[in-house]
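In TrEMBL this protein carries:
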TRANSMEM  12-42  transmembrane segment
TRANSMEM  54-74  transmembrane segment
TRANSMEM  80-102  transmembrane segment
TRANSMEM  114-137  transmembrane segment
TRANSMEM  157-177  transmembrane segment
TRANSMEM  189-207  transmembrane segment
TRANSMEM  213-230  transmembrane segment
TRANSMEM  242-261  transmembrane segment
TRANSMEM  335-355  transmembrane segment
């Protein structure tokens, strides 16, 4: 397949990593090019690249969306038509484009490099912006980039607004898993790049003051070690030894630095204070109040129709924004709009991803290493999505469809 046909896909993937909820005109243009390239690839191959198992899982999810969209339209829900984009059109786009483009491991390796590059660049920008906000760095044209950056100062800690924090929530755990469970034959440069991206990512996320980001990143190591238990014995033991070595090195390095050098001691103390106050501060922010009010409103709405909900695009009357059918608490929202039945049907799709992902991990090798990292990132992202509506934006749907595309590739090759 000509390499030029993959270029629009690579560009689109890189842009949604860097700018998941901004630069929509640019993303729309790249999405159109990626769709055209996908059409040309399918024309050359003469067939779709979906494995029957992938197709069945996708049809279940898409038919579930369609049923509740029609239900919402019949009820004249204000957001039913708009929800068609997020729940039907964009998922179909991601499914076809990602499974078509991801035709070999060489394509995936390019995506892996783009993920690590994005983690490096985003982390460096956050660290620069924090330094600039505290007068430690000069203003540069970088501040004009559409990252939506801003900083709020509360008693004892700061909170950063940054559109691509969502990308970091996936990529930092991904990088942590790659460090603990590297692919066999991974070169020193690859491990070094992964380590640099991970360390910069952790440094950046500590300054965000976002509870969801801090908690999910903290989950990365235990999640990785849990998933590694499904891998072949020698790989499992190597990952456990690697984890023990990293912990000892971090504790020893931090202890020695804090004991003998004033600068590291002050920095460690400041970061520890920032993290603890971000997580446990008694002061409620405006966002905290909004989430509490939304939870009450959505649960009150759900009990009126607990089995099938009120349909996609429904609203409880609580106004979050001009899109009154969108809420910060996405799982509460799904329960209200789709009921227990709809949530269970969507849950089957997530279960399909994890079931097949674990089967790949059991094989070991490069595929097992990558799937461990992808499932670690996805799990952390889904946890964060509980209180931040990331999956209501099409620029975040890659977090679901990249693992699906890898599973589809392995199934087409008969390797699971």
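Using the three backbone atoms N, Cα and C, a Cβ is placed for every residue, glycine included.
Contact between the transmembrane segment (189-207) and the transmembrane segment (114-137) is supported by 3 or more Cβ pairs under 8 Å, counting only residues 6 or more apart in sequence. Here the transmembrane segment (114-137) has Cβ contacts under 8 Å with residues 10, 13-14, 17-18, 143, 145, 147, 149, 151, 158, 160, 162, 164, 167-168, 171-172, 174-175, 193-194, 196-198, 200-201, 203-204, 207-208 of the same chain, all six or more residues outside its ends. Residues 57, 60-61, 64, 68, 72, 298-299, 301-302, 305-314, 316, 325, 375, 378, 382, 400, 403-404, 407 of the same chain, all 6+ positions outside the transmembrane segment (335-355), place their C-beta atoms under 8 angstroms from a C-beta of that stretch. By the Cβ criterion (distance under 8 Å, sequence gap of 6 or more), the transmembrane segment (54-74) is not counted as touching the transmembrane segment (12-42), fewer than 3 such pairs being found.
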